[in-house]
Amino acid sequence: MGVVDNLLLGLETALTFQNLIYCLIGVTVGMVVGVLPGIGHLTAISLLLPLTFYAPVTAGLVMLAGIYYGAQYGGSIASIMINMPGTASSAVICLDGYPLTRQGRAGTALIITTIASFVGSCIAISLLIMLSPPLARAALSFHSADYFSMMALGLVAAGTLIQGSKFIGAASVTVGLLLGIVGTDVSSGAMRFTFGAPELFDGISIVVIAMAFFGVTEVMTSIGLARDHALNAKVTLRSMMPSRADLAESRNPILRGSMVGSAVGILPGAGGGSMAAFMAYAVEKRISKKPDSFGNGAIPGISAPEAANNAAAQSAFIPTLTLGIPGDAIMALILGALLVHGITPGPQVIADSPELFWGLAVSFLVGNFILLILNIPLMGVWVRLLKIPPTYLFPAISLFIAVGVYSVANISFDVFLVAGLGLAAYVMVAFGFEPAPLLLGYVLGPLIEENFRRALLISRGDFMVFIDRPISAAFLVMSVLLVIWVALGARKNPDPVKES
Amino acid sequence: MQIGMRKDIGAGLIALAIGIGVCWISLGYRIGTPARMGPGLVPLALGIVLILCGIGAAISGLRSSENARPMRARPMVMVTLSLVVFALTIERLGFVPASALLIVLSGLSESPPKWIALAVLCVVLIPAAYFLFIVLLGIPAPAFAWKF
């Protein structure tokens, strides 16, 4: 099938009434949680994960993805208006977005970031459409040894490319792998870490893990804290008209930011949006003729990172959908949703379920158009969301956690489990454990063990199989190089916030 | 109340404790050989990795004086309690009382509790959640019950 046929199939799928509705729900929820500080897109996707089990797989994924990229649009609104990032990846937007608000140019900043978001997304979606089929075809020749090594690289990247202690990063991944092992062992039928509880024979549900690490910890961290900001600026439609000069000043930064973001988004374990935004900001500052203007309301300082974090949000789907390797925690949740629906992530997805892949890709375009259309007239509504007091927010999230977890299997055991794991997660996160690599380990754990065992079964226990196959060897060499690079650079421990 | 503790040392000790526990349990499973692995091999290996990471983090933590992020005891207790009470009451008392208890208990994380806001939440949120989860998604939980 040619590209045109594929896109037509995608359009047909994305434009069904059901998928349009799920897309609309997804991007709207994404906008709302993106705007609200204190509730991130990871929390939102975790909370809505159980709902997608009741929907067909394409519709469910369209909604989850919509929350993700919708939150990237919304996140910058809080950054610009109240100097508090709505999502982690829009933290860098605060640097120049809030100064613009204080200069009375909030409207301009909001419209520039909306345009940057849209362009960045569209460029990355084009890459997704062009790169995915050949990448998947190449990956179809992978053997289990290659898969093992590729996932190992993903996990090494996830554990090491974090702020803070690399030992704790590696420990986070390992704890995740162990959580993924709980339940019946596929090859021997043995029960592992079930402590005799029949509720654990099928393993711990991804909903329980996600709610414990991204829901309960968020509530415990933020409940009862007053938000110390004032919303002063007013945003009118007229103030949102960008001047010709602003647009001209934005064009190249948006294109560069889209490139940086697309590239970073594809890398596994690179942490998606935040790193892309910081890198795009650093690039703009370095090549700018007026580096002093950065931090005082420079237009390129908001347009490049905003294009980058949206591009990264879209291009992150490339390794997830073609190789089955999630780049960050959100992609791990998407993979988890696929697994729950009985679809094994990997290169065969595009060939076996073309309507899923192409429908999803086209729904990204549809979703971005909806966001662009929703955003401009409704900007005032989004801005007013910032006035919702947190007193209402967190008990509501608690209820969503409890009911959502209960709904997965209709057993209260899971709610006890989320309470216990959530408490443990809160303590572990306070000591520097990272929930995102942990979730990656949890999702990849069963897949990586299966491929590891199968590779050794075929080679009759000869570990050389991982080195003899060139693809596998290349991934392992990359993992080792990454560890060496991180070990050498660990002393410096760069902090992108302070650097820029 | 806030608990202050050295971050990397504490994290190392947590990893060490989990690692030892995992190894202990894994040794109870069949280990096998690389060609025919038993169910215990991979968990045992991961337990050892965890022990090594824990020792590494604790040793590197000796040089840093960074404290763990302060933990907030009141939300820790109240949020956990609210979930446990929900789990205990959803089948015995039904969806509506269980949800109300959860909202009020988690709201007690705030001091002083905002009673009016919590009452508003109960009145607005519980019917909405009931409609979404029980009517729309068909979760088999009664609105009210009395089963002990």
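Backbone N, Cα and C atoms are what each Cβ position is placed from, and that goes for glycine too.
If you look up TrEMBL, you'll see A:20-440 marked as domain 'DUF112'.
Within the chain carrying the transmembrane segment (A:20-39), a Cβ under 8 angstroms from the stretch's Cβ atoms is held by residues 14, 48, 55, 59-60, 62-75, 77-78, 82, 84-87, 90, 218, 222, 225, 227, 363, 366-367, 370-371, 374-375, 382-383, 385-386, 388, 390, 393, 397, all 6 or more beyond its ends. The transmembrane segment feature in TrEMBL is assigned to A:20-39 (among others).
Counting only same-chain residues 6+ beyond the ends of the transmembrane segment (A:51-71), those with a CB under 8 A from a CB of the stretch are 13-14, 18-19, 22-31, 33-34, 40-41, 44-45, 86-87, 121, 310, 313-314, 317, 330, 333-334, 337-338, 340-341, 343, 355-356, 359-360, 363-364, 367-368, 371, 404, 408. Per TrEMBL, transmembrane segment is recorded for A:51-71 (among others).
As annotated by TrEMBL, transmembrane segment applies to A:77-98 (among others).
Cβ atoms under 8 Å from those of the transmembrane segment (A:110-132) belong to residues 3, 6-7, 69, 72-73, 76-77, 80, 93, 97, 235, 240-242, 246-247, 250, 253-255, 257-259, 261-262, 265, 299, 302-304, 306-315, 317-318, 321-322, 350, 357, 361, 364-365, 368, 371-372, 375-376, 379 of the same chain, restricted to positions at least 6 beyond its ends. Feature annotation from TrEMBL assigns transmembrane segment to A:110-132 (among others).
For A:144-162 (among others), the entry in TrEMBL reads transmembrane segment. Among residues of the same chain six or more beyond the transmembrane segment (A:144-162), those with a C-beta under 8 A of the stretch's C-beta atoms are 169-170, 172-173, 177, 267-271, 275, 323, 325-327, 434, 436-437, 440-441, 444, 447-448, 450-452, 454-455, 458-459, 465-466, 469, 471-476, 478-479, 482-483, 486.
For the transmembrane segment (A:167-184), the residues of the chain that approach it from at least six positions outside its boundaries are 155, 158-160, 190-194, 200-204, 209, 428, 431-435, 437-446, 448-449, judged by C-beta separation under 8 angstroms. The transmembrane segment annotation in TrEMBL covers A:167-184 (among others).
The annotation transmembrane segment is assigned in TrEMBL to A:204-226 (among others).
As annotated by TrEMBL, transmembrane segment applies to A:323-344 (among others). Same-chain neighbours of the transmembrane segment (A:323-344): 41-42, 45-46, 49, 52-53, 57, 60-61, 64-65, 68, 135-136, 139, 150-151, 154, 206, 210, 214, 265-272, 316-317, 353, 356, 435-436, 439-440, 442-444, 447, counting only residues six or more beyond its ends whose CB sits under 8 Å from a CB of the stretch.
Summarising the annotation, TrEMBL assigns transmembrane segment to A:356-378 (among others). Residues 6-7, 9-15, 19-20, 23-24, 26-28, 31, 57-58, 61-62, 65-66, 69-70, 73, 111, 114, 117-118, 121-122, 125, 128-129, 132, 237, 240, 314, 317, 321, 343, 349-350 of the same chain lie 6+ residues outside the transmembrane segment (A:356-378) yet bring a C-beta within less than 8 angstroms of a C-beta in it.
Taken from TrEMBL, the feature transmembrane segment applies to A:390-409 (among others). Remote same-chain partners of the transmembrane segment (A:390-409), defined as residues 6 or more beyond its termini with a Cβ less than 8 Å from a stretch Cβ, comprise 36, 38-39, 43, 47, 49-51, 53, 199, 205, 207-208, 211, 215-216, 218-219, 222-227, 415, 417-418, 422.
The transmembrane segment annotation in TrEMBL covers A:415-445 (among others).
As annotated by TrEMBL, transmembrane segment applies to A:466-488 (among others). For the transmembrane segment (A:466-488), the list of distant contacts is 142-143, 145-146, 148-150, 152-153, 156-157, 160-161, 166, 455: same-chain residues at least six beyond its ends, Cβ to Cβ under 8 Å.
Within its own chain, the transmembrane segment (A:204-226) is flanked in space by residues 38-40, 42-43, 45-47, 49-50, 179, 182-183, 329, 333, 336-337, 339-340, 390, 394-395, 397-398, 400-401, 404-405, 408-409, 414, 417-419, 421-426, 429, 435, 438-439, 442-443, which lie at least six positions past its ends and keep a Cβ under 8 Å from the stretch. Here the domain 'DUF112' (A:20-440) has a mean pLDDT of 87 out of 100.
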